[in-house]
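Undergrad: Sequence annotations record features per position, and here Swiss-Prot assigns ATP binding site to GLY8, MET9, SER10, GLY11, ALA12, GLY13, LYS14, SER15 based on sequence analysis. Taken from Swiss-Prot, the feature GTP binding site applies to ASP59, VAL60, ARG61, ASN62, supported by sequence analysis.
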Amino acid sequence: MKFVIVTGMSGAGKSTAMKMMEDMGYFCIDNLPIQLLDKLIDLSNTFHSDVSKVAVGIDVRNGSGIDAIPQTLEQLRQKNFPYEILFLDAEDEVLVKRYKETRRNHPLAGSERINKGIVLEREKLQYLKDNADYIIDTSQLLTRELKIELEKIFVQNEDYKNLFITILSFGFKYGIPSDSDIVMDVRFLPNPYYVDGLRAKTGNDKEIQDYVMQFPEANEFIDKLDDMIKFLIPNYISEGKNQLVISIGCTGGKHRSVTLANELYKRLSGCNDYGLKIEHRDIGKDALRGK
């Protein structure tokens, strides 16, 4: 099992890092009481599961439990349990600025100034920083740059992709998918719903595919969409985007949109730069309601 303790200064980006590690396939537990860390590891050794990577967030919100860290880590070493420590840090003035921008108080400051809380926190976390395997200073990092730094350290799973693309067909009559990044409307194409013998079929059937793709507009559309998506993919990856939902809609989500979604899926398949899947959201909806 890959076991990572994620810690660091409040305001340095620990919560953001935990979310990114979750995207990398880690099972994440934030703000775990120190007293439960040893028990969590015992449980992970007792039960066989599909969880192979765990990230545990620990910070000064643990209160007095943070003082037990040296003893707890020593117990892990005695059990020969492998773990790594990631420590996120930032310059004091940057931390103060971030707190002021969010109008939050430092967890150790109480009624004192933020600077006082930062000093106390550094004292409490010094042992973890001294024993950290990786230290990332986020003072000058953008969110996407932090993601890149984490990927350099932790991405070892060949199944993980920087970008995962979902191609989604849908019917406008049932609403545009709320998680869409790109929405394409293919209602400009002739509708097989009104062709005898085709109404009951779907875009997964060859008869519908042949009907839709016989029109030059359909082929020109998919050519241009394919070119646009292939242009966007490397730019999205460089900006740190990890999910892309391309929604293709017609009236009912059964014929035209399914056909074009399948065509795009075929064209984007076979590339190792991203993950890819296809969904037909409304293909099973009541055909009698129109297409």
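Counting begins at 1 with the first residue displayed.
Each Cβ is built from the backbone N, Cα and C atoms, and glycine gets one as well.
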Undergrad: Would you find the one among the binding-site residues GLY8, GLY11, GLY13 whose Cβ has the most company, meaning other Cβ atoms within 10 Å?
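TA: Most Cβ neighbours within 10 Å: GLY8.
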Undergrad: What is the Cβ neighbour count of SER10 (ATP binding site) at a 10 Å cut-off, with all protein chains included?
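TA: Summing over all protein chains shown, SER10 (ATP binding site) has 25 other Cβ atoms within 10 Å.
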Undergrad: Which one, from the binding-site residues MET9, ALA12, VAL60, has the smallest tally of other C-beta atoms lying within 10 Å of its C-beta?
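TA: VAL60, out of the binding-site residues MET9, ALA12, VAL60, has the fewest neighbouring Cβ atoms within 10 Å.
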Undergrad: Which of these binding-site residues is closest to VAL60 (GTP binding site) if you go by CA atoms: SER10, GLY13, LYS14?
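TA: Minimum Cα distance from VAL60 (GTP binding site) across SER10, GLY13, LYS14 lands on SER10.
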Undergrad: Work out the three-state DSSP category of MET9 (ATP binding site).
TA: coil
Undergrad: For VAL60 (GTP binding site), which DSSP three-state class applies?
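TA: DSSP call for VAL60 (GTP binding site): helix.
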Undergrad: Can you check which residues sit near SER15 (ATP binding site), meaning Cβ under 8 Å from its Cβ, same chain, 6 or more apart in sequence, and list them in order?
TA: ASP30, GLY57
Undergrad: Among the binding-site residues MET9, GLY11, ALA12, GLY13, whose Cα is within 10 A of the Cα of ASP59 (GTP binding site)?
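TA: Within 10 Å of ASP59 (GTP binding site): MET9.
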Undergrad: For a quick check of packing: other C-beta atoms within 10 Å of the C-beta of LYS14 (ATP binding site), how many?
TA: 22
Undergrad: Give me the sequence-ordered set of same-chain residues, not including GLY8, MET9, SER10, GLY11, ALA12, GLY13, LYS14, SER15, with a C-beta within 8 angstroms of the centroid of the ATP site's C-beta atoms.
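TA: Neighbours within 8 Å of the Cβ centroid, excluding GLY8, MET9, SER10, GLY11, ALA12, GLY13, LYS14, SER15: ASP59, LEU88, ALA90, THR138.
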